[in-house]
């Protein structure tokens, strides 16, 4: 499929050879956008179904089993139901802030896929600052959640959004520091270069602590249990999403599962060798690793209880942050010792 991907891209660029550069850029960008959107929608449909089945199995239930064989089309039925729901804007809400929040949260959820290498040569935009781009774009999600809570004119929504700001801003720091060790080893911010550097050894073997920190911090960043305080049902109903209905609520839900896939894809890119693997096509290896990561996120969600907000923040500042800084120090010392022993220079 990587040959089809690169061949199709080259064919379309050949057709647009006589067009202005801006027209070629826009056309290729739109084609990549359509492909990414299709990938996101298909993943959301069936990851929701898969998660409901996994949770049902862990709780000794059946899960979805009515619509389609073994409930396979339940997510489609839910999507149709959301499309038919009335679009309500609460009285006293800040109208434009309330309307824009679900749109703004969905945009970065799509943009982060631009630098994900789905296979050898299968990367929409191979930026030389790809990792920095991912972190910068993903961080804007906090703004949208805060807008949703503030614009709804609801105390539960506002409380949930304030929790989100505290949680996501705090955990962005160890998340970034955990990635720095990988960048130091690869000597590049380019995602394709990081994958290429793991041809002989995956970085999870060289950076096990960084991988653990990344996994915990990413779980908090995408608001999944046990760090789902943003929408703790028993405390604040649905948090910043409380007043949303119909497709606006669906956009929040879609963004949540899109973020789950993207942080799993980044973990595979940084720590699990990306597309590298024997026998199978590179894109298939990449997807297998991504879905294994997604399953682990789901398993953690349905295994561990939600923790308190003060414990959540205390764990970040007192445990994860010092460990991430220590990992950077140890990595730097290790690189220097390796250079001294193998290259004969300090």
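Any Cβ shown, glycine's included, is placed from N, Cα and C.
Annotated in TrEMBL:
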{"type": "TRANSMEM", "residues": "30-50", "note": "transmembrane segment"}
{"type": "TRANSMEM", "residues": "96-119", "note": "transmembrane segment"}
{"type": "TRANSMEM", "residues": "131-152", "note": "transmembrane segment"}
{"type": "TRANSMEM", "residues": "173-195", "note": "transmembrane segment"}
{"type": "TRANSMEM", "residues": "201-220", "note": "transmembrane segment"}
{"type": "TRANSMEM", "residues": "257-276", "note": "transmembrane segment"}
{"type": "TRANSMEM", "residues": "282-300", "note": "transmembrane segment"}
{"type": "TRANSMEM", "residues": "320-341", "note": "transmembrane segment"}
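Among residues of the same chain six or more beyond the transmembrane segment (257-276), those with a C-beta under 8 A of the stretch's C-beta atoms are 40, 43-44, 47-48, 106, 109-110, 112-113, 116-120, 122, 131, 134, 138, 141, 179, 182, 191, 194-195, 198-199, 202-204, 207, 210-211, 214-215, 218, 221-222, 224, 282-283, 285-286, 289-291, 293-294, 297. Relative to the transmembrane segment (320-341), the listed stretch 173-195 leads the set 30-50, 96-119, 131-152, 173-195 in CB pairs under 8 A.
Counting only same-chain residues 6+ beyond the ends of the transmembrane segment (30-50), those with a CB under 8 A from a CB of the stretch are 12, 64, 71-72, 74-76, 78-79, 109-110, 113-114, 124-125, 253-254, 257-258, 260-261, 294, 298.
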